[in-house]
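Some features that TrEMBL has for this protein:
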REGION    1-47  region 'Disordered'
COMPBIAS  8-29  compositional bias 'Polar residues'
COMPBIAS  30-42  compositional bias 'Low complexity'
DOMAIN    43-170  domain 'ALOG'
REGION    161-190  region 'Disordered'
COMPBIAS  181-190  compositional bias 'Pro residues'
Amino acid sequence: MDSLPELTESSNSENTGITDSSTTNNTLVAASSSSAASAPSSRYENQKRRDWNTFGQYLMNHRPPLSLSRCSGAHVLEFLRYLDQFGKTKVHTPICPFYGLPNPPAPCPCPLRQAWGSLDALIGRLRAAFEENGGQPEVNPFGARAVRLYLREVRDLQSKARGVSYEKKKRKRSRQQFPPGQLPPPGASQ
């Protein structure tokens, strides 16, 4: 995900409680830019700061407004579902004739969603930003079990719907050669 959409404009504002709060956004940006002005930031650091500011704005626009200390994994899930409306990844439904096809031959009315990889990267950046901004790892809402389960569910759903498997990469291990018929000693790694 190259950038998150601004949360000040929403076609679904009555459900999420998002309203225009440019003053709040300016305060968040000013506070974070003063600490980052001392050294040039990497693309990752810039994206992490933008994501953190966007989530902070989301919490302030939440009805009722939420403080970060009261934020839970459920609020993070609500935020991720809100972001789906800005997605660009076609996710076919099981009744779609193109379900399971990686390259469908024609357009279909299936919804656009945030890609699993984008959501996974976003949660990683927000999790790091939470701890960099004074949050305790034990209470990090971005590391909540519900968030991990949601990301796994999105990954599985999208891989089936798009016909793309997300296989976990296996580390290559050096193999020791043993004579045929001889097993490695117990505890030896293969």
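Placed from the backbone N, Cα and C atoms, the Cβ positions cover glycine too.
Heads up, TrEMBL stuff is auto-annotated, nobody curated it.
Secondary structure of the domain 'ALOG' (43-170), assigned with DSSP and counted as helix (H, G, I), strand (E, B) and coil, comes to 77 helix, 4 strand, 47 coil. Summed and averaged per residue, pLDDT over the domain 'ALOG' (43-170) gives 88.
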